[in-house]
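A.B. asks: Quick one: structure below, then a few questions.
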Amino acid sequence: MSGSKPDILWAPHHVDRFVVCDSELSLYHIESAASPSSELKAGSLRLSEETTATLLAINSDTPYMKCVAWYPKYDPECLLAVGQANGRVVLTSLGQDHNSKCKDLIGKEFVPKHARQCNTLAWNPQDSNWLAAGLDKHRADFSVLIWDISSKYTPEVAVPAEKVRLAPGDSETCSVVTKPLYELGQNDACLSLCWLPRDQKLLLAGMHRNLAIFDLRNTNQKMFVNTKAVQGVTVDPHFHDRVASFFEGQVAIWDLRKFEKPVLTLTEQPKPLTKVAWCPTRTGLLATLTRDSNIIRLYDMQHTPTPIGDETEPTIIERSVQPCDNYIASFAWHPTSQNRMVVVTPNRSMSDFTVFERISLAWSPTTSLMWACSRQLYECTEEGKGSSSLDRDIATKMRLRALSRYGLDTEQVWRNHLLAGNDDPQLKSLWYTLHFMKQYAEDIDQKSSGNKGLLVYAGIKAITKSSMGTTESFRHSWTGSDRQADIVHYSSEERCLALQLCGWRTKGADSDMGPFLNSLEQEGEWERAAAIALFNRDIRRAIQILNKGASTGKGNLNLNVVAMALSGYTDEKKSLWREMCSTLRLQLNNPYLCVMFAFLTSEPGVYDGVLYENSMAVRDRVAFSCLFLNDAQLSRYFDKLTNEMKEAGNLEGILLTGLTKDGVDLIESYVDRTGDVQTASYCMLQGSPSDVLKDERVQYWIESYRNLLDAWRFWHKRAEFDIHRSKLDPSSKPLAQVFVSCNFCGKSISYSCSSVPHQGRGFSQYGVSGSPTKSKFTSCPGCRKPLPRCALCLINMGNPVSSSPGASKSDEKVDLSKEKKVAKFNNWFTWCHNCRHGGHAGHMLSWFKDHSECPVSACSCKCMQLDTTGNLVPAENVQP
């Protein structure tokens, strides 16, 4: 201080007043400015665009000030203690206060035995009559003196001249107190001190080489730790066991409950520190200032939960703020306004500054957005959110599909597209393709001895390549037409299988299109049904379908016009009918109506107008090509179409690629485009060979979906997915993660299950399944020592909680056709990893519903509270 280094103190009970201390004490009143451009009042200083400060009083009666402390109580309101260079502590005031108590205290002096500099002062926050002073070292005196300001002065005691040589005025008129209430810290220097809020008689002092905690109830004992960081000790107002101190450019953070070493040491600064201060309105926010700097560094100490016994350091976010352009001499946090401080420069210019909080956003796995700023927490909702499922984010779609058990129907595979909402044509095509693949693969495996069924999952492209050289061509005339022109089409066993996978044919040798066309008519797909009938040379059926479609209530009257046009079909190349149809077909909006005329007007073997109509379903284009293209044309067309599907990530292309490496490439493009790892996972698990399932991309999609289910707290759904995965891919079944071993011999208790045939694996070996008499394992199979007893029912583990009603001898028989049952959860072994007590899971759950402590006598372990995940509730029944 001493005129060259001003300091700032906020009034404890007046949030609009502060004092600047250097060679004199200046009291200021801070108020809001009318406007940034308004003129200042006489004697006012502009602190910021919003605030100004007005000088209220000046006190220059106390020279050689080294430290100042403001009286913590409301009355008297302007009482300050000033520590001087000679060790005296003087009580003074700012302004006029006619309170008799204040008049008795003002001017009172507290004089040590030997003169030396007073470094720090601290009022006791609870007993405000106690004032602690920290002095420099003297070989024959104490350095920590605690004065009682209410004690009577002793004018009869002679004061040596060396004590009063710096005192102003006549020393005989002063109220002098020379006997402190407590004397501490002999033969050492005190550089900083503060009272501990948790106890009014605990004082923390930064001595010359250690931090010491003095207990005034027993002054002969102290707790201390050797350290160089003894300057600027200050207690966190929000966490009374946390203390900060500094030395040179380094700050140490202490926990008084574990005082052996700092719990944290902040990054060392290149320049010496001059001040550290905790923010009174913000938990864990520490501000530091270095010499000759215009930067204040802030350290935000995050509160992150750590496991019991873990000594990991807390997370710290460091940032710097610049309140002004000039060097900063000191700063002070505002006592009530959040993150607000006033800084002062060496030339006494001041600035009112607010540290703006970092805005943090949190986006939950359920797409809820939270915005935290300062003490406010905002929940953000999207305006004008579309109600259509097509407008939803893919994460929302996947979450809803998971709730509907999407992908888990392995019998009627096609139904999975209904579980997905039946609003995505690509998903519909995918699941129908997988359904047909499963259906025909099972039929082929039953009819043949080899693994020809795997060829079905390789896709139509691979199937048709296997028939190269065996394809036969046939000429057929139109059905239901007077024209006898022949149409060339191609057939083979593999092409017939391809048509079945496309849905154009049913199982068996019967090639009747009737059932398929009827199903299309029921779904209202009149144009598609008519086109497929036409492609199968039944022009009369196509006309009938169009007329039927036009006659329905919601039918398109244009269908009658198209039917009339079809009825006039002629195969003459230069006819007016062919010329007009070639021109006008491009004006039709429906792609199937367009390709009907493209087919009729095409040259034999040249059907580009049909094959490259992108609005037409891929399965229909593939089926058409299998009928009318020869082997060479078919191979070239499939190669080109496959590349298009892979680049676009179109799931309809799975019909061509199958669940092969090409299929993985296609799914990769689909996932890159949509982010739908859910469909990718279920699709690849449906029938992919093991080498494809081991592809790192497939494994990444599967693990991503599992993590997504966990993030949504869909733990049951994730378990169902794991079970589904292990059925379709036995190699993915994980090893047992938990096993129970005997305390005496160390052998696994699960060995006892090996003598019982067909015993369920996993946790069933630790519980009771099947017959209550056959499955009792109450002793270790290795050493025959009894298993531990349940802490509640006192029955040896291995016994069921209760016998299953209706159990009979028939229960002892094992039905291999049924799934192996897992033991009931209530019978599982359960134990606490802390106290090692436990019992039947059902009993433990019932106990901890009403109790917090362990059921074993004299054990105070709070077992359930140690399991943080036990407090989480599955969210599978919560709708978004």
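Each position is counted from 1, following the chain as shown.
Heads up, the Cβ atoms here are built off N, Cα and C, so glycines get one too.
What Swiss-Prot records for this protein is below:
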BINDING   C742, C745, C780, C783  Zn(2+) 1 binding site
BINDING   C832, C835, C863  Zn(2+) 3 binding site
REPEAT    60-102  repeat 'WD 1'
REPEAT    185-224  repeat 'WD 3'
REPEAT    268-309  repeat 'WD 5'
REPEAT    399-441  repeat 'WD 6'
ZN_FING   740-786  zinc finger
ZN_FING   787-868  zinc finger
A.B. asks: If we skip the immediate neighbours and take only residues 6+ beyond the ends of the repeat 'WD 5' (268-309), which ones have a Cβ under 8 Å from one of its Cβ atoms?
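C.D. replies: The answer is 231-232, 234-239, 244-246, 248-251, 253, 315-328, 330-339, 341, 343, 355, 866, 868.
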A.B. asks: Where's the emptiest Cβ shell within 10 Å among the binding-site residues C742, C863?
C.D. replies: C742
A.B. asks: Return the residues near C832 (Zn(2+) 3 binding site) by Cβ distance under 8 Å, restricted to its own chain and a separation of at least 6 in sequence.
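C.D. replies: In sequence order, the residues whose Cβ lies under 8 Å from that of C832 (Zn(2+) 3 binding site) (at least 6 apart) are G838, C854, C861, C863, L866.
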A.B. asks: At the level of the C-alpha atoms, what whole-angstrom distance separates C783 (Zn(2+) 1 binding site) and C835 (Zn(2+) 3 binding site)?
C.D. replies: 25
A.B. asks: Can you tell me how far the Cα of C742 (Zn(2+) 1 binding site) sits from the Cα of C835 (Zn(2+) 3 binding site), in Å?
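C.D. replies: With the alpha carbons as reference points, the distance is 17 Å.
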A.B. asks: Near C745 (Zn(2+) 1 binding site), which residues of its own chain have a C-beta under 8 A away, given they sit six or more steps off in sequence?
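C.D. replies: For C745 (Zn(2+) 1 binding site), the qualifying residues are C780, G782, C783, K785.
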A.B. asks: Cβ atoms within 10 Å, counted per site: which of C780, C783, C835 has the most, among these binding-site residues?
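C.D. replies: That would be C780, with the most Cβ atoms nearby.
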A.B. asks: Reduce the DSSP letter at C742 (Zn(2+) 1 binding site) to three states and note it down.
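C.D. replies: The three-state answer is coil.
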A.B. asks: So around the Zn(2+) 1 site, C742, C745, C780, C783 aside, which residues have their CB within 8 A of the centroid of those CB atoms?
C.D. replies: N743, F744, G746, K747, P781, G782, R784, K785
A.B. asks: Cβ within 8 angstroms of the Cβ centroid of C832, C835, C863: which residues besides those meet this for the Zn(2+) 3 site?
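C.D. replies: Output for this site, in sequence order: W831, H833, N834, R836, H837, G838, C854, C859, C861, K862, L866.
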A.B. asks: On the DSSP side of things, how many residues of the repeat 'WD 1' (60-102) fall into helix, strand and coil, could you say?
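C.D. replies: Split into helix, strand and coil, the repeat 'WD 1' (60-102) gives 3 helix, 17 strand, 23 coil.
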A.B. asks: Would you mind pulling the DSSP three-state label for C783 (Zn(2+) 1 binding site)?
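C.D. replies: For C783 (Zn(2+) 1 binding site) - judged by DSSP and reduced to three states - the answer is coil.
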A.B. asks: So what's the mean pLDDT when you look at the repeat 'WD 5' (268-309)?
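C.D. replies: The answer is 85, the mean pLDDT of the model over that range.
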A.B. asks: Per DSSP, to which secondary structure element type does C863 (Zn(2+) 3 binding site) belong, with helix, strand and coil as the options?
C.D. replies: helix
